[in-house]
Structure formats: C-alpha cells, structure tokens
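Accompanying notes for the structure given below.
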There are 2 protein chains.
Amino acid sequence: MSVVKVGLLGLGVVGGGVWKVLQSNDSEIARRAGRRIEVTAVAVRDVDKARRLVGDRARIVQDGMEVVRDPDIDIVVELVGGDTLARQWVLEAIEQGKHVVTANKALLAKHGNEIFAAAHRKGVMVTYEAAVAGGIPIIKAIREGLTANRIQWLAGIINGTTNFILSEMRTRSLTFDAALADAQRLGYAEADPTFDIEGVDAAHKLTLLASLAFGIPVQFDKAHIEGISRLAQEDIGHAERLGYRIKLLGITKRGADGIELRVHPTLVPSQCLLANVEGAMNAVLVNGDVVGPTLYYGQGAGELPTASAVVADLVDVTRLAAAEPEHRVPYLAFQQDAMVDIPILPIKDVHSSFYVRLRVEDRPGVLADLSRILADCDISIGSMFQEPYGVDQADIIFLSHDASEGAVDRAMDIIRTLPFVKSDLTRLRVENLP
Amino acid sequence: MSVVKVGLLGLGVVGGGVWKVLQSNDSEIARRAGRRIEVTAVAVRDVDKARRLVGDRARIVQDGMEVVRDPDIDIVVELVGGDTLARQWVLEAIEQGKHVVTANKALLAKHGNEIFAAAHRKGVMVTYEAAVAGGIPIIKAIREGLTANRIQWLAGIINGTTNFILSEMRTRSLTFDAALADAQRLGYAEADPTFDIEGVDAAHKLTLLASLAFGIPVQFDKAHIEGISRLAQEDIGHAERLGYRIKLLGITKRGADGIELRVHPTLVPSQCLLANVEGAMNAVLVNGDVVGPTLYYGQGAGELPTASAVVADLVDVTRLAAAEPEHRVPYLAFQQDAMVDIPILPIKDVHSSFYVRLRVEDRPGVLADLSRILADCDISIGSMFQEPYGVDQADIIFLSHDASEGAVDRAMDIIRTLPFVKSDLTRLRVENLP
C-alpha cells in the first residue's frame, strides 16, 4: 500500500486536531482510502511546542516555503489562517504541482478566484470542506450530492459563536452583552469577537456557498453584512410571540435579476428546523429544484470537527489524484470554463418580509397615519400588535408581507420624521423557511 | 466534450424522474460533470408508454439484457426493483464491464455482498445513493464526508410512509388504521403497505447504512425488525407527557461485543431534531468519534428526490471512471479487502431504556410488587405515572433506565402472570438522542 505524504502548515487548534486524528484513526482511515495518509513535514512558529506533539515522526520547520517546496510532499494542508502568508504558500504549493487542502474561508472568499485559476492551470486540486460549517460535509453535499439540481437558494446558521449568543439571549433572557461575555468565558467567542458578531466570518462562508450553489466567482466584497451586536433582547421576545426565532443567517438566492448574498439577523418560523438549531451548532438548508429542501447539521467549529473535514478532504484528494483533471470534482462545483457571472443584487433590490418595532405616542390616529404611509410605499402588513409603554406611549410591532428593501427604506425615512414617533426604528428581515 | 452513455432499466416513477431531470437540467449537470450525460437506451415492459415520454431520443427495448449487453453503454441504471431480474441484469452489466447505478435497497440488502464482489473483480463501480433516504446525500456523507471518523452509531427516520402515519397519529390524534388510510389516500402508502409499516423497507436501508458505517458485509437477515402496525394511539400521548415522541427508527451501534442492527418504534426526546422531522420527510443522525453528531434531512422518496440521487451518482461515476479502481470510493465505504466481520448482536443482548404500559387493579401493594420484580431483574425505573381507569383499575406507565432486552423479557414474563395485571404489556424502546 503506497503512502500519501502530507505537509502541514500550522499546528494550532485545527492543525493539532488533524495530527491527532491521523494518528488515532490511522487504520480506519486507511481502510477507507486504500492508502495510508502520513504527515511527513510540519511548518510552525514554535518548533519546540510542535516537537512535544509530533516527536520525531515528522520533520518540523519554521518556514512554510520549505514544506511547500519539499519534493516528497503530495498534499499541502494550509491551517495558518489569514491571507498573507497563507496566500503565498498556497500559490507556491500549486506552482509546485501539489494538491492543497485548506480550512481558510477568509483566504478563499477574498482570493479564491486567483487560487482556483492557478490550480486549474497546474491541474491540481484545492479542497476546503473545513472552511464552511466545520465538520458538516456541506461543501461535498452541494458540490457532489446535489449535482442533479438547479439550486434555488440556501440559508444557513454558519457561525457558531453568534448562534450560541442568540440561544443564550432567548433561553436565558440575557442581553447581547451578557450573552457575549458568557460565550467568551466558555470559549465560544474570542477576546476580540468582531469578525464573528458582525457577521464577517459568516459572510466569508456564505460567499463560498453561493459560488458552489450557482457556479459564480467568489465575490465577498458584494455581500451585504449585518451582525447581531445591536440586537435588543426585547425583539427576541416579540419575535417569539409572533411565532418566530431570531437567527443570524447567511442567505443566498437566485432570482430573475441576479443573486442575493446577505448575512443578517433573521426571523424564522419557530417550528422550522433551523429555528431549533441551538447553541454553537451549525446547519445549512439547501433548496434544489429536483430534491426540494435538504438540511445538514452538526458542529461548525472546534479542533476535532474541523479536523474531521480536513481529513475527509485528504481522503478525497487521494482518491481523485489519478482521475482526469478535467472531470475531477471542480473547485466551485462547476467546471472552471462553465462559471457564469450572474450579478449580485444590491441589497435595495432584495425582497423579503420585515419585522419593525417603534415607540409612539399613544393617541388616536397614530395607527391610521402609519398604515397610510406603509400603504403609500407599497408595503402591506401581515400582523401587528401594540404594547403600552409608560402612561402615554406604546410600542408597535408589525410584520410586513413581501416588500423590497428600497420601499421599506423609503417608508422608514418618512416614519422616522413623524412627530408622534418617540424612538429609533428597529427593523429585521423575516424568512418564512420550510 | 465527450458524452457518457447511459442505459436505463425501468421507466416507472423513478426512471421517468431520471429521464426528466437529465433533460430539464441538462446544461446545469454538464456544467458540473464536464460531460453530457445521455440516456441512449431504455428497457421497459410497455414500449408504447415509454415512447410517449422518450420519443425517438433513445432506443427502447423490452429485454433488459439487450441494454446491459449494448457495447455502446457506459453506465447501466437499474430502476426495476425486486431482486430477480434486477439481480441478473446488474450482475450481467458488471460482467460486461459496465458501471452500475441502482436505487434498489432490497437487492443490495440481500445480494449486495455478491454484487460488490463481482464488481470488485471486474473493476467497475456500483453506486446506490437513491437506495437510502431518497434525495438526501446520506450515503455520500458517510462514505466520503466522514472518512476521518470511527463511526459509533447512527439513527434514522428512513421510511417516509411510517413517519407520515406517526405524524398524523400525533398531531391529529388518529388511530393507526385511520392514519394509514389517510396515507394511502394521499399516495404516501401503497395499497399493500406491509413492507413499509412492518419496517422491512427501513431494515433494507439500515442494513446498507450499517455496512457503510462500520465496514461490515450486508446482513439483512440479522436485523431485528418491528413495525408500527400495533402501535396504540394512547402511547403517543403518554410519550408526549413524558417529553418524548415516537418515531420508527433504524438504529445501528458499534459496541464492545458487536453491532446492533434494529428497526422499531422508538421514544425520542421531543426537543431533539429527529423528533421534529414531520410528515413524509426523512432524516439520519450519524455520530462519529471526531465530528460528533451530524444530521441529514430531506425528502426520502418520490419521483424527483429519488432521481436527484440517481443523477448525482451518474455524475460521480463519470468523474471517477478514470481513477485507479483500488482507490475509488469503495462500494461500502471501506476497501473490499478491509471489510471486517464484527458480529451482529442478537436483540436480547441489546441495551436500551424502555417504556412500559400495563393496566392493573388499583389497590395497595401493586406498585410495591411491580417495583420489587423490576429490581430483582436488575431494572431501575427513571419515571413513572399512574392514571385511573374506571373505578378500580389504573394504567401504569414507566420509563426504565438502561437495561438489557433479556432482563426486560424476564421481568415482563413474570409481571404478565401477576393476578393484579389486567392487560397485556406494551413495551417500547427509548433512545435519548442528542
């Protein structure tokens, strides 16, 4: 049985996980792959720390370029993160004719087109199952499991940190700040949580999923991104009363005029499966024209779940190494020469239902005025309720039917200026998912 | 771009679906596969009917052997069902060096070992994504997405008919007979529903999932099978009161002494995702040692969802046709020479929690006697409640902690003979799934 030789760039949480899994499940993996998969070289900053884990079972160096240019290495696994060194090393590995496995969503969301084009020229594979939704084989499902389908849309909980925070806010009635502090204490959020809570990490992943679903180039810069840091506790309660839960979703849809690509807090029906994905778990709902809705659920982060995806990629690459490059599984699910450049819609052209909350003076005529403005802007109301606030004010909460962002912008601009409106307007999107 | 030529055996519901999808999504599929996939020959009983769908775009014959032996055909798709003609044709297709795609779970659950061995000798692929859970790419997930894992157990709702019936029984408080009649009227159950409601169809599928998970030969004859036809409406209500829902699950687990392989109605916690899979939908929960629990959900049957899986297999086979046979994705996830023969445990050696209901005389000492017998048989009780029945009887419902089937058998045999016991004993298994 021949051995596949792997060079590992990075031996942090995920890199360490990959090393451990390749040791502990060595024979189970070889029983499946038909070959042993062996890490023969590791590039790390801290050689001594790496030595304690790896012993003398692999060569340990500090410069990634040494691993990438090692003629003995078949596959380079990039787990250093960031997009400077990672980009240089990945491009050089490709140039050296090596296959690449990476978990780096930021790198691919920003430089994927360049990297895949280079790999295509050299006839090597670049796989990245671990870059989206950790251990869930969602990329494989879209890229290979649903190849019969015109994919119409997908919506996913693809950031565990924010889902954990939202679960805490709902089940324990915590404010955002308190839930974030909890998440940090428990290791679900980093000291600087900006990337997660502002939706940037989810948007990196969504960018890749959209390309896989529709066969378009990666276009992170066109994603509309809103995080959860300004979400008020009371909106979670109001949503629940209306039969919804609030989740940070990545949503991408193909319409007649273009593709929607957006990350934002979203009201979803309480009984749908995505609404019931709690804690740090991830799930992606994919709708194909042939198969209908399918859902994929599991741990979206962490040492071992992420390592599970990296190692699965190693097995895949091992299997397809000898296949004809032009018929291998394509980088973004579609053959490189079959990519299309469907435009990404600006957010103002996106349609959805809306949840709106505002505080008003509690006097006759207020509802009539509001309703008139909404109707004039072509927005119709699905449900509405009012809650007294103090002695002479009230909170009004309503759900609209389908409306364009542009129309809602216009209505909000008018409403904001009305003399009886006593608060800023809170506005969230609603998706009536199956 | 070269064309892959497919011979289709059967043009019923699924065969017709495959034909339609290959026509309607022709270019989307070619954009992914890098080749056009074309049905060039069809074998059907009713040639005239087939002609109306296919026109003159494919050769139509009555004898499957003609298709199977057609030297122009690259891949044979078997969709006739049953295991007589289907077996002969599949074996002959393999003998002719053709790759085979099938949706036939009965064929593979019973003759899979023979078929895969023949295919291995000839170096051809046999794929069957459509055989389990329709359009959900569950076989791909286990076989390729989770290759890093020692899979520990899986549990699935893999028969839509029974899940539809159970959903109706719960949400509309119907009896089994009424719910079955509904299912038949709506096309979710066949005129003779035996295979579905008695768990045989689910056991065919579970047999394949167990082999994929553990790398063991298919052993349908060793599966323990109980259906839902004797399930009483009242147990659904009692289960709900205890925080559970009843689902027909296929469960397979790897333990120290062997593998559990069982299909039966099962109480699962109401808040777990599997409990919330309603109607004719399917879902499979897979637990790997590295990735933890992952879940896969979607439509498990029907013309188009099943066709989605068949066509995905066609794309896969197209891609791997030129790969080295010994490193292609193995038939049952593990290389043919790496299969192991771990024993399947007889049901009496299986452990789980139990739900038990019985009617007793309502008089002092009854609970004490019952508790003593259970304790003597090494069964401890998790929760129990009692409901008066008439003036002098009561229904007792209890959940046990983990116990062996053998111990529960012994306890039930004793309890059945007690003078104060006024009914037969209802006994269901409980799985505290995540």
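A Cβ is built for glycine as well, from the same backbone N, Cα and C atoms used for every other residue.
Residue environment of A:Lys205 (active site, proton donor) contains 26 other Cβ atoms, counted within 10 Å of its Cβ in all protein chains. According to DSSP, A:Lys205 (active site, proton donor) sits within a helical segment. As annotated by TrEMBL, active site, proton donor applies to A:Lys205.
Annotation comment: TrEMBL describes A:Leu9, A:Gly10, A:Leu11, A:Gly12, A:Val13, A:Val14, A:Gly15, A:Gly16 as NADP(+) binding site. Non-local contacts of A:Gly16 (NADP(+) binding site) by the CB criterion (under 8 A, 6+ apart in sequence, same chain) comprise A:Leu53, A:Glu303. In this structure, A:Gly16 (NADP(+) binding site) is part of a helix by DSSP.
Of all Cβ atoms in the shown protein chains, 24 besides its own fall within 10 Å of the Cβ of A:Lys105 (NADPH binding site). Here TrEMBL flags A:Lys105 as NADPH binding site.
For A:Glu190, the entry in TrEMBL reads L-homoserine binding site. Annotation for A:Glu190 (L-homoserine binding site): spatial neighbours A:Thr161, A:Gln184, A:Asp196, criterion Cβ-Cβ under 8 Å with sequence separation of six or more.
Here TrEMBL flags A:355-434 as domain 'ACT'.
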Subject >> When distances run from the Cα of A:Lys205 (active site, proton donor) to each of the binding-site residues A:Leu9, A:Gly10, A:Leu11, A:Gly12, A:Lys105, the nearest one >> reply: A:Lys105
Original post:
When the domain 'ACT' (A:355-434) is classified with DSSP, how many of its residues are helical, how many are strand and how many are coil?
Top reply: 23 helix, 32 strand, 25 coil
Subject >> For the domain 'ACT' (A:355-434), the mean pLDDT of the predicted model >> reply: 95
Original post:
Quick one: Cα separation, A:Val14 (NADP(+) binding site) versus A:Lys105 (NADPH binding site), in Å?
Top reply: 14
Subject >> Number of other Cβ atoms within 10 Å of the Cβ of A:Leu11 (NADP(+) binding site) across all protein chains >> reply: 26
Subject >> Environment of A:Leu9, A:Gly10, A:Leu11, A:Gly12, A:Val13, A:Val14, A:Gly15, A:Gly16, the listed NADP(+) site - residues of the same chain whose CB lies within 8 A of the CB centroid >> reply: A:Leu8, A:Gly17, A:Val18, A:Trp19, A:Val44, A:Leu79, A:Val80
Subject >> Alpha-carbon distance [A:Lys105 (NADPH binding site); A:Val13 (NADP(+) binding site)] in Å >> reply: 16
Original post:
So what sits near A:Gly12 (NADP(+) binding site) in its own chain, CB-to-CB under 8 Å and at least six residues off in sequence?
Top reply: A:Leu79, A:Val80, A:Gly81
